[in-house]
Amino acid sequence: MLKSLTVKFNKVNPMEGRMEKKLCPNLSSLSQPTIAQGDNQSEKEPLRSRTPITFEKSHSKEDNSTGENSLRDFTPNPDPECRAELTRTMAEMEKTRTGKERPVSFKTKVLETSIINEYTDAHLHNLVERMRERTALYKKTLTEEENFPEVEASSQTAMSTNISPKQENNSKLKEHQDTFSFKPQRVPVKEHLRRMILPRSIDSYTDRVYLLWLLLVTIAYNWNCWLLPVRLVFPCQTPDNKNYWIITDIVCDIIYLCDILLIQPRLQFVRGGEIIVDSNELKRNYRSSTKFRMDVASLLPFEVLYIFFGVNPIFRANRILKYTSFFEFNHHLESIMDKAYVYRVIRTTGYLLFLLHINACVYYWASDYEGIGSTKWVYNGEGNKYLRCFYWAVRTLITIGGLPEPQTSFEIVFQFLNFFSGVFVFSSLIGQMRDVIGAATANQNYFQACMDHIIAYMNKYSIPQSVQYRVRTWLEYTWNSQRILDESNLLENLPTAMQLSIALDINFSIIDKVELFKGCDTQMIYDLLLRLKSTIYLPGDFVCKKGEIGKEMYIIKHGEVQVLGGPDGAQVLVTLKAGSVFGEISLLAKGGGNRRTADVVAHGFANLLTLDKKTLQEILLHYPTSKKLLMKKAKILLSQKGKTTQAIPARPGPAFLFPPKEETPRMLKVLLGNTGKVDLGRLLKGKRKTTTQK
């Protein structure tokens, strides 16, 4: 590449020589050998910068003239006066080309030519230097040799290659590290986990991974709640299996610790209507909450007392304080379940079993305190310890009679407290269970109440049984398909944005298929979605009848409808399926063009979306462009309708033998009498009047 540039630069010198020869033959004869010498020397010498020499010095010292016209050994630094002189020279040359010549001295011409050559050499020299440096830089990047000479780029080179000095130094440092360093960089484990697994912030309401983590924390919490009383009272923890219990406890503690250090400080929260996702703010919010204090209290290491008192599960009783995660898991799980009442029933049953479990443990502790088998009231030591105590707890809390009478004062006080707490707790749980089941069946009860009121109303006014049957069928089908009788009332309390989101998910795919609304404003389509009403028709119901005034347009959401016609009005002309539209002509027509042209009957159960004319006009007031587009489409539909109605249907049979009669001329109709024949007397009278007037 550099060789080709050198050849190209050498081709410039003869042009300069010819210019100088025109201006001064003697000067050209002196400069040509020096230029050749300068080129030969420049190939041997390295690149360097020199300051420009003046015209007088170049003629006083002939040896220095080689550096004056050299392409490699000259870097200009002209004065502002020289630039002004060059500008004036170019203007004079332009005026010379236009034909206006001015007298110029010989010395001025030689000086101008020298300045032009200096500027040309300066730019070409700078270009060659930059190309060499760029080539060396690319070569170093490709080869990546250890002893490759480094190229020091100047500020002009950095600007020309669009590489800042800071970026170039960073790239050189990186290449140096890649070449000479063989040790891989170590990433801390904490930073690795933060990048690969844990996000900076967690949305507790939408993140399912966080829900799974809460499930794991809930399992650890239930392990402590259910098994700590058993280990504390029953002789199930022995020196043989003590290590297994300790290992399980350590695993639960690790789960607690990870939840406090890694998960909870990343939970997003809302402050002033804004969702906070900053890491420092999230940590500060968690550390200032009551939840953090309870979590820290639940993880205090009281197990160090094992050294003084031995392994006793009582020192792990503080693990039960982490109840906030348990209730948070229940809340999030109920919010995503389709039938949350099922989980509520299971959870309430779990509460009841846990209370019975605690009562069984307390009864065994009281029996052990009094002495196993010492009286009839205490546990006699036969059979499975836990099952016998649990059975006694069930009979006590549910207040089932037939229990042995307490003998000692301790037994009497214990039984009194047990009965009192049992009645209170059991009645509370039964009431909560009733509320859960009642909330689960509230909609069904509402539907049944509505049906009872409607049937009572129809019986009051002696409505025929056929109509009552159809009403019952409509109510049952609507409830079974939608689980609600009126969808509009359900969404009234929601904001408009949420109503639009729900409507988009349900009906947008249907509206998008309608050819009538294609090309309309998207916001207008959104407004239409909010105004659509869903209506269910039974099999055989007339959606609209021929000749009635049309005020609604219908979009089929589910099911099919049939368009009837023919002489008797019972012939099925076409069957419309989901996504089809009918009634749009009556909705968009003006004047008397809004009459229904056919009967439309539901074929099976059909769910139709209806849009009335008044609502559409209110919407189109805000969208004039869409209104014009719909009016054009309405005209096209009306014209197509007119063509179809004006078309003469083909006659069956040999129609060519009996062609249709031509229409009677209008003038002839005037002269026809009541009998349909021409009145000759009237014709004669008219002829006489014309002759008398002439």
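Here the Cβ of each residue, glycine as well, is placed from N, Cα and C on the backbone.
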Original post:
Can Asp240 and Glu382 be said to be on one side of the membrane, going by the domain names in Swiss-Prot?
Top reply: yes
Original post:
Out of 242-262, 292-309, 313-327, 386-412, 413-437, which stretch touches the transmembrane segment (211-234) the most, going by CB pairs under 8 Å?
Top reply: 313-327
Original post:
How many helix, strand and coil residues does the region 'C-linker' (442-518) contain under DSSP?
Top reply: 60 helix, 0 strand, 17 coil
Original post:
So what's near the topological domain 'Cytoplasmic' (263-291) in sequence-distant terms, Cβ-Cβ under 8 Å and 6+ beyond its ends?
Top reply: 198-204, 210, 213, 324
**OP:** Among the recorded sites Phe426, Ile430, point out the residue whose Cβ has the most other Cβ atoms within 10 Å, with all shown protein chains included in the count.
**Re:** Phe426
Original post:
If you average the pLDDT over the topological domain 'Cytoplasmic' (438-694), what number do you get?
Top reply: 79
Original post:
Among all the protein chains here, how many other CB atoms are within 10 A of the CB of Arg434 (site 'Occludes the pore below the central gate')?
Top reply: 10
Original post:
Which of 292-309, 313-327, 386-412 shares the most C-beta pairs under 8 angstroms with the transmembrane segment (341-363)?
Top reply: 386-412
**OP:** Could you break down the residues of the topological domain 'Cytoplasmic' (263-291) into DSSP helix, strand and coil, giving a count for each?
**Re:** 15 helix, 7 strand, 7 coil
